[in-house]
Amino acid sequence: MCGLRVTVEQGRVAGIRGNPDDAWSQGHLCPKGTTLGHLHDDPDRLRVPLVRTANGTFREVSWTEAYEEVERVLRPVLDQHGAGAMTVYVGNPVAHNLGLASYIGALVGMAGAAGMQAYYSPGTVDQWPLNVVSTLVFGGMWNAPIPDLDRTDHLVILGANPAVSQGSMLSAPDVTGRLTAITRRGGRVVVVDPRRTETAARASEWVPIRPGTDALLLFALLRTLAEEGLVSRPAHLDGRVLGLDEAIALAEPFSPERVSAATGIDAATIRRLAIDLASAGNPVLYSRIGVCTQEFGTLATWLVFVVNVALGAVDRLGGALFPKPAVSSPMFMKPPDQTGAGWEFGRFRSRVSGAPEVLSQFPLGCLAEEIDTPGEGRISALISVAGNPVISAPGARRLDEALPQLDAMICIDNWLNETTRHAHVILPGLSPLERAHADDLYWMYAIASCIKWSEPLFASASDRPGEWELLLRIAGAALGTPVPDVDVTAMDDLYVQGLLATVCATEGTPLTGRDAGAAFTALAGRGPERLVDLGIRLGPWGDDLGSRPGGLTLEEVRRHPDGLRLADLEEGRLTDAVSTPSGCIELIHPHIVSDIPRLAARMERESQPLLLTSRRQLRSNNSWMHNVPTLMRGRDRCTLLVHPADAGALGLADAEMATVETDAGSVDVLVKITAEMMPGVVSLPHGWGHGLPGTRLGVANAHPGINSNLLNPVNVLDVPSNTHVVNGVPCRIRPGVTR
Ligand SMILES: Nc1nc2c(c(=O)[nH]1)N[C@H]1C(S)=C(S)[C@@H](COP(=O)(O)OP(=O)(O)OC[C@H]3O[C@@H](n4cnc5c(=O)[nH]c(N)nc54)[C@H](O)[C@@H]3O)O[C@H]1N2
Ligand SMILES: Nc1nc2c(c(=O)[nH]1)N[C@H]1C(S)=C(S)[C@@H](COP(=O)(O)OP(=O)(O)OC[C@H]3O[C@@H](n4cnc5c(=O)[nH]c(N)nc54)[C@H](O)[C@@H]3O)O[C@H]1N2
Ligand SMILES: [Mo]
């Protein structure tokens, strides 16, 4: 999202800096942004399709040959078992790649129409609790208020490390600078985390917490606010919130004294945290992945919003505000009926372990068993789009062993890595500098309403398809056309016509009641450009496809290469932003509150002596930027962080190896002893574990690290959202190596 100024000399990137004139980022840049030249030039990056040969190696082929090979492996699966035997894995970069983000919905939607059941994504190792809570409480799965960083005077951050991640489901350039500004203007930043993170180190206060117990802390905060008469009931929320009193009543069993042992936070601190919040002028809570990917992810995420409501902070400047994106994401995940009678979960179940579907997905950890368990309905074809689940999925080893059992594995990916080495065909996309770029989903979490469009910097070989075309080609194949024969242009038209028909038939859109055919002819171009144009024109500043003259279009946005800044965060957006059946913020749902007994039982349970957690790193991006040499300088950073007291008790030495073991597996890893961990909790970065045979990642393979998901179990889940627990996994550690 940050604007770049790229210097090109003799056709090569000579340097990348933040663009000081960028309407959004005003010159800010994180280390990931500086790497696009390296990604472009990486000799390991795939530029032509690869096909696996009989002896297991890969052969470079023409695009025609690649399509024929996809047809050869995929068609028998579809003919014999139907599209129900196929699934799609939607990897993280899909959300950051214009072509993929614009058309992944076409693939998943059309394959679904052909009979595909659930699909998979890292969502269930990430933000699914947030999606569940957003759907039920605010009425849309990507609908949630974000902290008003620039006006709050008391920010409590739980389970997020924005100094490293740059903000997650919270888009803000220079987020670290903005956090520092809070304390500089006399406010407070409190970080609740088992680790004194890079963010905590800059904060006013670090509150260490036992992993998986944030919901207990938050209930205790809510109860204290109620007990002290500090619940705020501001006029702007009057009649706009349902269920606050019920939520407060549910907090009754969770007194600070009772949650203290489980959370590891003493009761006096919990009471003081509650009173600090209530005494602040503009308090707000923000939570992210450490709170989602834990035992009570949904309840904890829900309670963050409940407490924000109880503080009167929602939809108030300085509190939690609903962004107003200039373009709404056309991503497919939007529930078809989100403004109707509500949303249902568990409409169908997974074949092997019977996991209920949540927002059309099964837990990612189910994928392996759906492939390697024989029987009717087995998954035998996988389309993996910009994902590396062999590294990112809990139960990683079983998945690594299951993928070779697929009859058809097609990867749309730019590298031959731990996952794609199992593919029958790898179809590479263009480099980030060869394709146009615009963001969409993340404007929905942004601290300002901006819009930008970037043209490709470099031309690509003339025969290279965009990734969006690959998605449509496979969608066409799922619907019955041989892969080489799919008419991508016709598919694109069909998709856009379908979208327009829906928008015209839906109440309350800018096109309600208009003729879908006429709307279609008002649009020019093709592919992602046409979809972005549509999104802008139907957005809050748009020209409504001609009926609001002077309104924004892509053509106008293109005249502003530094982007357009349209508005700052505003309050008073409840009517526009909340789309629940009642139109109110709905705090109480059986799907969420039925999990409270499980949480209450947690208070009675002894804590395990050692719990494993995950962390991110500034110069990594999940698993896939480790092939960039400039990001890999310096010492091995795939280390197990251990508190000195634990290291002493376990006999571990700094910079020496140790074996970590869980019920799921064991790995040998380098130890780093540091008081930044709370005692009883250790931390491993995720995204490592390179060096596997058959991969083509020269730089990454020289610094392999270990895969923390060899340790994370598949069957330990946050119940309401089906999200994997990768924070708070009981483990055992001993010095030395196993082998
Ligand atoms: N540089 C960089 N940036 C990234 C990424 C990257 O890999 N590198 N990845 C991107 C992606 S895909 C995502 S989803 C975002 C995630 O962004 P963040 O949510 O900010 O992710 P993390 O940095 O992993 O921070 C999670 C924190 O939760 C803490 N934690 C663990 N267990 C618990 C618990 O039970 N309770 C509490 N309160 N805290 C706990 C961990 O110690 C850690 O500090 O970052 C994105 N940005
Ligand atoms: N233990 C543990 N596990 C975790 C997490 C954790 O905190 N702890 N975090 C989870 C989270 S939040 C996430 S988002 C996931 C990430 O999980 P994934 O999305 O599965 O993994 P990534 O490492 O992001 O892999 C991205 C893939 O996209 C490819 N790629 C990169 N750029 C492009 C492109 O432009 N086009 C195409 N077609 N391909 C491209 C890369 O080669 C790589 O294969 O991991 C999850 N797993
Ligand atoms: Mo993520």
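Using the three backbone atoms N, Cα and C, a Cβ is placed for every residue, glycine included.
Non-local neighbours of the domain '4Fe-4S Mo/W bis-MGD-type' (1-44) in the same chain are 166, 171, 173-174, 177, 415-416, 431-434, 439, 442, 446, 448, 450, 452, 457-458, 560, 562-565, 618-619, 621, 625, 627-631, 696-699; each lies 6+ residues outside the stretch with a CB under 8 Å from one of its CB atoms. Under the heading domain '4Fe-4S Mo/W bis-MGD-type', TrEMBL lists 1-44.
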DSSP-derived helix, strand and coil totals, residue by residue, for the domain '4Fe-4S Mo/W bis-MGD-type' (1-44): 11 helix, 13 strand, 20 coil
Taken over the domain '4Fe-4S Mo/W bis-MGD-type' (1-44), the model's mean pLDDT: 94
